[in-house]
Structure formats: C-alpha cells, structure tokens
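Participant: Sharing a structure here in structure tokens format.
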Amino acid sequence: MLRGQEERKYSIRKYSIGVVSVLAATMFVVSSHEAQASEKTSTNAAAQKETLNQPGEQGNAITSHQMQSGKQLDDMHKENGKSGTVTEGKDTLQSSKHQSTQNSKTIRTQNDNQVKQDSERQGSKQSHQNNATNNTERQNDQVQNTHHAERNGSQSTTSQSNDVDKSQPSIPAQKVIPNHDKAAPTSTTPPSNDKTAPKSTKAQDATTDKHPNQQDTHQPAHQIIDAKQDDTVRQSEQKPQVGDLSKHIDGQNSPEKPTDKNTDNKQLIKDALQAPKTRSTTNAAADAKKVRPLKANQVQPLNKYPVVFVHGFLGLVGDNAPALYPNYWGGNKFKVIEELRKQGYNVHQASVSAFGSNYDRAVELYYYIKGGRVDYGAAHAAKYGHERYGKTYKGIMPNWEPGKKVHLVGHSMGGQTIRLMEEFLRNGNKEEIAYHKAHGGEISPLFTGGHNNMVASITTLATPHNGSQAADKFGNTEAVRKIMFALNRFMGNKYSNIDLGLTQWGFKQLPNESYIDYIKRVSKSKIWTSDDNAAYDLTLDGSAKLNNMTSMNPNITYTTYTGVSSHTGPLGYENPDLGTFFLMATTSRIIGHDAREEWRKNDGVVPVISSLHPSNQPFVNVTNDEPATRRGIWQVKPIIQGWDHVDFIGVDFLDFKRKGAELANFYTGIINDLLRVEATESKGTQLKAS
C-alpha cells in the first residue's frame with residue numbers, strides 16, 4: 001500500500017516536472033521572438049506593430065498551455081482522490097499556487113518594464129502602444145491563476161530576454177517613415193508628426209520659384225514709381241556683357257506649346273481669345289474680371305484708351321498694301337486688328353512711311369492719330385531738301401489732347417518712331433521752335449511741346465533701340481540704298497496706288513508729267529545722299545542719335561519684348577536657327593559674326609542686346625507672370641526662345657511651327673497688361689482725389 005502511494009507521488013512529480021519543462025521551452029521560444037522583434041524596432045515601422053502585438057500573442061500562447069496543464073492536473077487530482085491521496089495532491093497544488101503567485105508578480109513587473117521600453121521606442125505612437133499594453137495586461141490578469149506553475153522554469157529565460165532588450169540602443173525620438181510616405185513629398189495634407197512635412201513644404205515652394213534666368217527686381221504690383229526713386233534701376237551706360245543676355249532668356253516660358261495636329265487652329269485661336277491670360281499676382285482675380293470678351297449688345301470698348309499699332313521698316317498696311325502683300329499684323333495666322341476688334345477692343349493700325357526716317361514717320365504718326373495735313377516742319381524741310389507738307393490723314397482721334405491718351409505698340413522700327421513722337425509732344429522740337437522764332441509763319445502743334453499726358457504706354461516688339469549691324473553692313477550700303485530708292489521711283493508712277501512713303505522727296509509722278517521727265521527729276525533728289533531715311537536710322541550711329549534725342553516720361557509705362565532665333569556654332573559665332581525666315585539668313589549671319597560677342601545673338605535682323613532697351617535709359621527685368629504697370633522705366637520681358645523677327649507679326653507663311661494660337665495668346669497678354677495700366681492709373685487718380 002505504502003509502496004503504491006510512493007509510486008503515485010513519484011508519478012505526480014514526474015508529470016509536474018514534465019509539464020513545467022514543456023512550458024519553459026515554450027516561453028523560451030516566445031521570449032526569443034520578443035527579443036528579435038525588439039531588434040527590428042529601430043529600423044522598420046511594420047516591426048513596431050509586431051512588437052506591440054507580441055505581448056498579446058505571448059499571453060494567448062501562455063493561456064493555451066496553461067489550460068492544457070490545468071486539465072492534466074485535474075486528471076491527476078481525480079486519480080489521487082480515487083486512490084486516497086487527495087490530501088497530498090492538494091498540498092502540492094497549494095505549494096505550486098504560492099510559488100506561481102510570486103512568479104506572476106515578477107513576470108508582470110518585467111512585462112511592465114518591457115512595455116515602458118517599448119513605449120519609449122515608439123515616440124509618436126505611444127498612445128497605440130499603451131492600448132496594446134493594456135490589452136496584454138488584461139489577458140495576463142485573466143490567466144494569472146493558471147499559469148503560475150509553468151513560469152518557474154521560464155523566469156531565468158525571461159530575464160535573459162530582458163537583458164538582450166536592454167543591450168539594444170534606445171531611440172525614443174527617431175521615427176521610421178514608411179516608404180509610401182516618402183514617395184509623395186508634395187502632399188498637401190501630411191501627418192502633423194511627420195518629419196517629411198517641412199521637406200514637402202519646401203518642395204511646394206520650389207515649384208513656385210521663377211525661372212533662374214528671370215530676375216524679379218520689381219516693386220509690388222500696381223505700384224506707381226518714378227525712375228529716379230527706384231533703387232533697382234540700373235543705368236546701362238556701360239555696354240552689357242554676354243552674361244547680361246542670359247539673364248533675360250526665358251527658356252521655360254517659350255511660347256511654343258505642344259499642339260495636336262488634328263486640332264483646328266481656328267478653335268485654338270478662339271479659345272485663346274475667350275480666355276485671356278490672367279497673371280499670377282495677388283490681384284489676379286480682380287484683374288481677370290476686367291478682361292472679358294465683347295458681349296452681344298456691347299457698344300463701349302473694353303479699353304479706355306485706343307491702342308495704336310505702328311509697323312516697322314518696309315511695312316504696308318490697310319489700303320496701302322499691295323494685293324499679294326501679307327497682312328502685316330498677324331499674317332493669315334491671326335489677324336490681330338480684326339480679331340481684337342471682334343473681342344470689343346478699340347485698336348488701330350497706323351499707316352506711315354515704309355522707307356522714311358524716324359523723324360518723318362513720327363510726324364506722320366501724329367497726324368494719323370490727330371488728323372490733318374502732315375507738316376514735317378519748315379526747319380527740317382529746309383535742312384534735308386524735301387517738301388514741308390505731305391499727305392492728309394482723316395485722324396482716328398481728332399480730340400487728342402492732354403488727358404486723352406493712347407496706347408502705342410510698335411514692331412521693329414515702329415518702336416523708335418513712337419519714342420520720337422512722344423518726345424516731340426512733351427518737349428517739342430528745338431530746331432523748329434528756333435526756326436519759327438527767326439522766320440515766323442506756322443508751326444505744327446507737335447513741335448511746340450507741352451503736350452504731356454497724351455500717351456499711356458509704349459510697348460516695343462523686336463525694336464532695334466541701339467541699332468543693328470545688318471543696317472551698317474548691308475541695309476545702308478550705297479548699293480542697297482540705290483535699290484530701295486529705285487523701287488520707290490518705280491512705284492511712284494501715276495498708275496500706282498501704293499505709297500511707299502517717300503512722296504515728300506518727289507517720288508510721285510505728276511498728272512501731266514511723262515515718265516522720262518519723272519525719272520530725270522527724281523534722279524536729282526537729295527535723298528540719294530541724305531541720311532534722312534530708314535536705312536541710316538537703323539544703323540548703330542543713327543539709333544544712338546535717336547537715343548540722345550529722347551528721354552523717359554515718368555507718366556508712361558514702357559515695356560519691351562525680344563526674340564532670339566540663333567545658336568552658337570563651333571567657332572563661337574551665332575548661326576540662324578532652323579526655321580528662321582529664309583530672307584533673314586544673310587543678315588542673321590552678319591550679326592552673328594560681329595567682333596563683339598555680346599552683340600551676336602539675334603532674331604535674324606536685330607541683335608538681342610539692341611532690342612532689350614535703349615542703352616542709355618533705365619530698365620528693370622520683369623517676368624511673364626507679373627503685370628507690367630511700372631512707369632518711367634523700361635520693363636524688359638524675358639527673351640522668347642525660337643522667335644525670329646517676323647514671328648512677332650506672323651507673316652512667315654512657311655513657318656508651320658508657329659501657330660496662330662500663339663499669336664492670339666501673345667497679343668491678348670499685351671492687351672491685358674494695357675488694361676492693367678489703365679486700372680492702375682484710375683486707382684491713382686482716385687487716391688489723389690480722396
């Protein structure tokens with residue numbers, strides 16, 4: 001009997017030790033997984049979640065083993081009861097409970113320490129960890145009465161696992177960002193605790209930066225300034241270097257845009273007109289409201305001041321253009337005058353001499369606007385030997401006087417003509433005033449001066465403000481001049497209705513004059529040896545004289561547009577780009593091989609450095625995304641890459657690269673700027689009145 005009881009006791013101990021050994025091995029495996037998860041915490045965010053979930057998983061594993069061991073103990077208790085040894089089994093169970101209670105407290109303390117370490121490692125995800133820890137503690141509490149016996153052999157193993165965790169470097173402030181977050185640095189709604197947020201902001205700011213070649217030295221939009229008060233004004237009395245050109249070049253804002261070949265060009269033009277450009281300014285919304293297409297019953301034009309377009313050398317417009325001569329403003333790509341009028345703008349194209357000097361053209365422009373018979377001035381006529389009076393203009397604005405202004409837009413030589421006319425209006429012609437005092441008689445109001453506030457803005461397109469080597473080395477040579485004057489002589493026959501602009505020199509056959517007599521008379525004209533013509537005025541010397549004659553008006557907004565259609569060859573010279581108008585290939589190479597490197601880049605006829613601004617007058621660089629409303633200073637727009645001299649007016653019918661929609665956008669943008677000039681002026685008037 002006693003021997004049987006001893007065997008049963010031995011069996012109970014054997015089973016208890018076996019169960020404890022199994023559970024100890026299980027806890028060792030679980031603790032190993034827990035240590036591995038701790039090592040992965042500092043490098044992988046996904047591993048953090050696994051580490052957070054492991055206490056709960058550990059508890060679940062313990063619970064299953066504890067339930068199995070509990071069942072085995074119950075079976076043993078039943079066997080002991082049947083054999084009469086229940087008392088000893090209970091003693092053993094109570095002893096086991098006492099030990100397991102102490103072990104449970106120790107393990108819970110260790111788990112709490114481990115949770116604190118995990119909480120420190122998580123940083124910004126502490127709240128999530130606390131929730132996971134609380135879940136683990138609740139699971140441990142549920143099984144604390146059943147897993148005590150099995151923990152005896154696992155205490156040392158758990159202690160070793162905690163030692164491994166403590167040996168790992170603690171990184172409480174480091175946050176691991178998932179890869180999908182880094183893939184979107186410009187997200188507008190990043191997490192508040194994401195350290196990539198500042199980078200995202202910088203990335204967004206970088207997208208709004210201006211082109212590196214665009215210098216923004218302007219004052220806030222719509223601010224009226226005087227050139228003398230502008231700290232950013234730079235006098236360009238020193239000749240600009242080649243580096244000065246690169247800062248103007250606008251490669252990003254090239255007008256060329258990818259166009260679907262199947263898209264109707266007329267529809268593109270219509271879209272451009274229906275949705276005029278809106279500049280990216282703080283007042284863009286208010287400005288956009290001022291620019292709207294013509295409504296069905298609208299009679300009042302959208303612009304307050306008429307816009308007058310002035311053609312350049314060789315330009316013929318309106319009824320004065322031959323049948324095969326292209327439409328000067330826009331060609332067949334975009335008929336600028338016609339389309340802008342359809343949109344409700346008051347625009348006009350002036351008709352002045354195609355071969356005349358800037359002086360004669362400026363006088364003609366005045367009478368084109370004001371109306372009346374052209375008076376070139378007694379002093380000027382006597383000095384150069386041509387007739388004083390010319391043709392008579394009807395006038396587009398007979399009441400033109402100070403306070404009633406116009407906008408002037410000139411292409412090529414037209415920009416020079418505009419500047420000289422405005423100078424005469426404001427300061428008069430000293431030679432004519434002196435001649436009038438000495439000889440009496442009549443004097444044109446244009447020459448008396450004192451007519452300020454009659455021009456709101458001056459905009460020049462590819463204008464040779466500083467001249468062109470093409471005129472010096474080609475256009476103003478004796479051979480070319482003879483060809484030009486011979487053409488005028490031929491077109492002056494009595495059967496021709498085309499006026500090339502030299503009638504004041506006698507290039508018009510009289511009604512009763514034979515053609516032979518007409519040829520003899522014209523051959524004696526002083527024009528053959530005179531400098532009072534376009535060929536000379538476009539030279540470097542002729543343009544320099546004009547620059548010295550003109551000054552800046554602090555009440556006028558000045559803007560220039562420049563194109564470049566040349567590239568640097570292997571020897572450092574400029575060659576015409578492919579697609580440059582074929583008639584300008586020779587002149588482009590003449591300019592591109594100039595001895596001065598800064599004078600080589602060109603649009604086929606005009607060097608870039610000449611088109612930017614007059615060399616002796618103040619200027620400031622502006623971007624395409626800001627309103628050009630400053631006064632008393634040349635606002636230099638970024639150079640347009642790939643535009644040659646005639647791309648500004650669209651007459652190159654062989655250039656299929658330049659679309660009518662481009663011209664529509666270009667001229668609509670100019671009109672928008674002119675409307676903003678008017679808005680700025682009205683605002684200034686209201687402020688003065690208040």
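Using the three backbone atoms N, Cα and C, a Cβ is placed for every residue, glycine included.
Quick paste of what Swiss-Prot says about this protein:
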ACT_SITE  SER412  active site, nucleophile
ACT_SITE  ASP603  active site, charge relay system
ACT_SITE  HIS645  active site, charge relay system
BINDING   GLY579, ASP644, ASP647, ASP652, ASP655  Ca(2+) binding site
COMPBIAS  52-71  compositional bias 'Polar residues'
COMPBIAS  72-81  compositional bias 'Basic and acidic residues'
COMPBIAS  82-114  compositional bias 'Polar residues'
COMPBIAS  124-171  compositional bias 'Polar residues'
COMPBIAS  185-206  compositional bias 'Polar residues'
COMPBIAS  225-237  compositional bias 'Basic and acidic residues'
COMPBIAS  257-266  compositional bias 'Basic and acidic residues'
REGION    52-266  region 'Disordered'
REGION    311-690  region 'Hydrophobic'
SIGNAL    1-37  signal peptide
Participant: Please report the number of other Cβ atoms within 10 Å of the Cβ of ASP644 (Ca(2+) binding site).
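Facilitator: There are 27 such Cβ atoms around ASP644 (Ca(2+) binding site).
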Participant: Return the count of C-beta atoms lying within 10 angstroms of the C-beta of HIS645 (active site, charge relay system), excluding that atom itself.
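Facilitator: For HIS645 (active site, charge relay system), the 10 Å Cβ neighbour count is 30.
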Participant: What is the total of other Cβ atoms whose distance to the Cβ of ASP603 (active site, charge relay system) is within 10 Å?
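Facilitator: Other Cβ atoms found within 10 Å: 35.
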Participant: Work through the binding-site residues one by one (ASP647, ASP652, ASP655) and point out the residue whose CB has the fewest other CB atoms within 10 angstroms.
Facilitator: ASP655
Participant: An 8 Å radius from the center of the GLY579, ASP644, ASP647, ASP652, ASP655 Cβ atoms defines the neighbourhood of the Ca(2+) site; name the other residues of that chain inside it, in order.
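Facilitator: Once GLY579, ASP644, ASP647, ASP652, ASP655 are set aside, the remaining close residues are SER565, THR580, PHE581, TRP643, VAL646, LEU654, LYS657, ARG658.
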Participant: Specify the nearest of the recorded positions SER412, GLY579, ASP644, ASP655 to ASP603 (active site, charge relay system), where nearness means the distance between Cα atoms.
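Facilitator: Checked the recorded positions SER412, GLY579, ASP644, ASP655; minimum Cα distance to ASP603 (active site, charge relay system) goes to ASP644.
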Participant: Tell me, how many other CB atoms lie within 10 A of the CB of GLY579 (Ca(2+) binding site), whichever protein chain they belong to?
Facilitator: 16
Participant: Along the region 'Hydrophobic' (311-690), what average pLDDT does this model show?
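Facilitator: Mean model confidence (pLDDT) across the region 'Hydrophobic' (311-690) is 96.
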Participant: How big is the Cα-to-Cα gap, in Å, between HIS645 (active site, charge relay system) and GLY579 (Ca(2+) binding site)?
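Facilitator: About 12 Å separates the two Cα atoms.
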Participant: State the Cα to Cα distance, in Å, between GLY579 (Ca(2+) binding site) and SER412 (active site, nucleophile), rounded to an integer.
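Facilitator: Taking the Cα atoms only, GLY579 (Ca(2+) binding site) lies 20 Å from SER412 (active site, nucleophile).
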Participant: What's the CA to CA span in angstrom from ASP644 (Ca(2+) binding site) over to the residue listed as 'active site, nucleophile'?
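Facilitator: Pair distance, Cα basis, whole Å: 12 Å.
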Participant: Sorry to bug you, but what's the C-alpha spacing from the residue listed as 'active site, nucleophile' to ASP652 (Ca(2+) binding site), rounded to the closest Å?
Facilitator: 15
Participant: Give me the Cα-Cα distance between ASP655 (Ca(2+) binding site) and SER412 (active site, nucleophile), rounded to a whole Å.
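Facilitator: Between the alpha carbons of ASP655 (Ca(2+) binding site) and SER412 (active site, nucleophile) there are 19 Å.
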Participant: Calculate the distance in Å between the alpha carbons (Cα) of SER412 (active site, nucleophile) and ASP647 (Ca(2+) binding site), and round it to a whole number.
Facilitator: 12
